[in-house]
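Colleague: Structure in structure tokens, see below.
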Amino acid sequence: MQKAMKMVKDEDGPLNAAAKSIPSFPHCLQPEASRGKAPQRHPFPEALRGPFSQFRYEPSPGDLDGFPEVFEGGGSRKRKSMPTKVPYTHPAEEASIAQESKSLGPPNLTLLFPQPQRPKCDSQMIDLCNVGLQFYRTLEHLGGKPVKQEPVKPSAMWPQPTPPAFLPAPYPYYPKVHPGLMFPFFVPSSSPFPFSRHTFLPKQPPEPVLPRKVEPLESEETKQKVERVDVNVQIDDSYYVDVGGAQKRWQCPTCEKSYTSKYNLVTHILGHSGIKPHACSRCGKLFKQLSHLHTHMLTHQGTRPHKCQVCHKAFTQTSHLKRHMMQHSEVKPHNCRVCSRGFAYPSELKAHEAKHASGRENICVECGLDFPTLAQLKRHLTTHRGPIQYNCSECDKTFQYPSQLQNHMMKHKDIRPYICSECGMEFVQPHHLKQHSLTHKGVKEHKCGICGREFTLLANMKRHVLIHTNIRAYQCHLCYKSFVQKQTLKAHMIVHSDVKPFKCKLCGKEFNRMHNLMGHLHLHSDSKPFKCLYCPSKFTLKGNLTRHMKVKHGVMERGLHSQGLGRGRLVLVQSAGVLRNLEQEEPFDLSQKRSANGPMFQSDVDSTQDCLCQEEEEEAGEEDNCYEVEPYSPSLAPESQQLCAPEDLSTKQEQTLQDPGEGCRDQDAPEEQQEDRSEDHEGSDIDCEGKDIDCAIREERLSSRLLQSGGQGPSFSDYLYFKHRDEGLKELLERKMEKQAVLLGI
């Protein structure tokens with residue numbers, strides 16, 4: 001015992017001498033033996049001496065044994081060599097040493113830090129004697145800022161709150177270490193490290209934190225590369241394993257894994273302790289090896305250097321690419337013990353065997369084949385039983401998928417949850433709303449190569465091209481009219497029924513065509529979205545704009561039959577696409593109700609029917625999709641106003657048309673009066689019998705202006721075109737329904 005005491009005193013001599021020559025050493029680590037030989041310095045700042053006057057600090061005798069290099073070199077040199085083992089000290093000797101050192105201090109003061117017994121250290125234990133120094137490195141790195149860690153039971157030291165940090169200023173010989181690298185794990189109560197965060201801070205309720213989470217610091221130090229923590233694990237010959245040959249391997253005593261490198265073994269041993277020294281500076285994730293951190297940083301950079309040559313899928317790690325390549329090969333190394341089926345990955349095998357255990361195998365009852373997923377099994381069953389049909393209970397329609405039936409039932413229930421924010425139009429499907437929104441943006445990427453008309457959707461352009469072929473493959477079995485598209489025939493069948501599926505939600509009025517409803521909705525707002533191309537006039541309805549351009553500007557939408565395009569086609573003469581540009585300038589707003597309706601003027605039958613017929617012609621004309629305009633100038637008309645038309649088909653005698661301006665009496669009427677007439681009759685079904693004849697006479701008188709003597713003379717085909725206008729109007733009504741079918745997407 002006396003010999004051991006002498007050895008301790010001999011070690012205290014140079015230690016005290018070194019402590020004198022290092023005035024910059026932290027006050028809290030000053031050895032107690034130097035009090036008598038040097039001026040006593042209080043371990044606490046001036047502002048905190050009051051609350052801590054009843055405490056004193058005395059480090060344990062063995063706490064400074066692990067730092068001989070720090071005292072020998074003035075604290076500025078880092079240790080480069082492996083540390084030596086901590087000598088074993090008998091508990092009785094250690095207790096006597098602690099008793100003697102305690103007697104040197106003032107007997108009336110309580111120790112600030114309780115001194116635990118030194119743990120036993122044998123050759124195969126991890127030497128963490130440097131943990132104390134690492135803790136001070138952490139505090140220096142934080143600069144007095146607290147770090148969220150796993151709470152340890154604090155000791156009741158003082159009741160009143162004090163400033164959060166009272167340690168001295170940081171010193172230059174402590175390296176910058178990220179705080180999350182120090183204690184990302186639970187500190188047990190029997191840990192050899194006697195200090196904790198609560199030892200230096202006042203008693204306060206512990207904060208609930210998640211394990212291994214690091215708060216990002218606002219300083220510039222967090223942006224720097226994280227240094228590797230010097231956690232000391234001593235590897236000696238006891239870890240060596242003889243495997244034969246010249247190769248040396250070191251084995252882990254816990255799990256018996258062996259490595260050719262001591263560094264890899266140290267990293268592995270730290271993994272058993274939960275220590276992950278390498279932290280990501282962006283997300284705070286911890287890793288055991290630096291290479292794992294480098295690989296993890298690729299995910300933040302978006303870099304995937306390893307690419308599959310078969311499917312061009314990229315990965316961040318080579319191991320992931322190798323595992324992926326097993327999908328493209330026929331090698332299935334993992335076989336099921338029940339059915340001997342091979343799998344590329346162990347996870348797939350595990351999931352497959354779990355199905356055997358629970359009895360949920362995807363096996364075809366017809367042929368006995370097994371499938372990985374239930375969806376593949378259902379797809380396979382269609383080869384035996386045919387496609388599964390889901391029938392609608394309302395209209396007996398069949399669908400292949402239940403989702404299609406569900407969407408179809410929304411039409412019967414009039415559920416349209418997707419509403420356009422621009423015009424208030426409602427849709428059943430979200431992609432229908434997305435396609436409709438393109439019309440408000442004016443995006444038309446698809447152009448017809450024949451007439452040059454542009455379309456928003458490719459499907460609409462393909463349907464439009466069928467019109468140029470003039471092949472009408474779909475015929476109505478009631479009136480024997482033929483149509484180009486099947487959707488148009490479906491829309492045509494509304495004419496033969498009393499069903500009016502389109503209803504105004506504001507006034508309850510019903511319509512059998514969508515465009516009639518859309519035109520009617522403009523009446524509930526003050527907007528006039530249709531603007532004339534030649535003057536500042538604006539109109540609520542597109543039909544009114546068409547009539548205005550014909551009457552005021554002499555722009556005709558239809559040409560003559562003699563031009564070689566056939567009836568229902570336009571003359572490609574000038575300003576191609578003027579009517580095509582008659583787009584909706586600004587959508588109507590249902591929230592803007594009309595404050596007062598304008599006076600409705602009574603008009604003769606010819607004027608009212610003319611307004612309706614012109615709108616019918618315009619709406620049907622849009623379906624032809626190849627309309628172009630032919631300008632007309634009143635100054636070019638002959639002064640005599642006499643145009644020749646054949647009276648008889650056999651003689652072709654010419655006669656003068658009586659009062660050619662009689663049919664145009666209402667042209668000088670105010671535009672608002674004409675618009676109100678159209679709005680009053682919009683949405684009503686037209687009785688073609690009797691009214692079409694009057695419209696034909698009206699159109700014949702208006703079109704007679706185009707038969708100019710200077711340009712081209714009257715012809716027999718021109719006469720036939722206007723003579724049989726009443727038959728053409730019926731076809732115009734059907735073309736309106738074609739447009740309605742396109743809008744509905746039938």
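Including glycine, each Cβ sits where the backbone N, Cα and C put it.
OK, Swiss-Prot features for this one:
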- 250-272: zinc finger (ZN_FING)
- 278-300: zinc finger (ZN_FING)
- 306-328: zinc finger (ZN_FING)
- 334-356: zinc finger (ZN_FING)
- 362-384: zinc finger (ZN_FING)
- 390-412: zinc finger (ZN_FING)
- 418-440: zinc finger (ZN_FING)
- 446-468: zinc finger (ZN_FING)
- 452-746: region 'Interaction with NRIP1' (REGION)
- 474-496: zinc finger (ZN_FING)
- 502-524: zinc finger (ZN_FING)
- 530-553: zinc finger (ZN_FING)
- 587-591: motif 'PXDLS' (MOTIF)
- 613-627: compositional bias 'Acidic residues' (COMPBIAS)
- 675-689: compositional bias 'Basic and acidic residues' (COMPBIAS)
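Are these features on the surface or tucked inside, and what are their neighbours?
Modeller: Secondary structure of the zinc finger (250-272) per DSSP, as helix, strand and coil residue counts: 11 helix, 4 strand, 8 coil.
Residue counts for the zinc finger (278-300) under DSSP, helix first, then strand, then coil, are 11 helix, 4 strand, 8 coil.
Within its own chain, the zinc finger (306-328) has Cβ neighbours under 8 Å at 295, 298-299, 344-345, counting only residues six or more beyond its boundaries.
Helix, strand and coil counts under DSSP for the zinc finger (334-356) come to 11 helix, 4 strand, 8 coil.
Long-range contacts of the zinc finger (362-384) within the same chain, counting only residues at least 6 positions beyond its ends with a Cβ under 8 Å from a Cβ of the stretch, are 339, 341, 348, 352, 355.
With DSSP classes pooled into helix, strand and coil, the tally for the zinc finger (390-412) is 11 helix, 4 strand, 8 coil.
For the zinc finger (418-440), the model's pLDDT averages out at 84.
Long-range contacts of the zinc finger (474-496) within its own chain (CB-CB distance under 8 A, at least 6 residues past either end) are made by residues 463, 466-467, 512-513, 623, 731, 733-735, 737-738, 740-742, 744-746.
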Colleague: Taking a Cβ cut-off under 8 Å, which residues six or more beyond the ends of the zinc finger (390-412) line up next to it in the same chain?
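Modeller: Counting only partners 6 or more residues beyond its ends, the zinc finger (390-412) has Cβ contacts under 8 Å with 428-429.
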Colleague: Taking DSSP states H, G and I as helix and E and B as strand, how many residues of the zinc finger (446-468) are helix, strand and coil?
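Modeller: With helix first, then strand, then coil, the zinc finger (446-468) has 11 helix, 4 strand, 8 coil.
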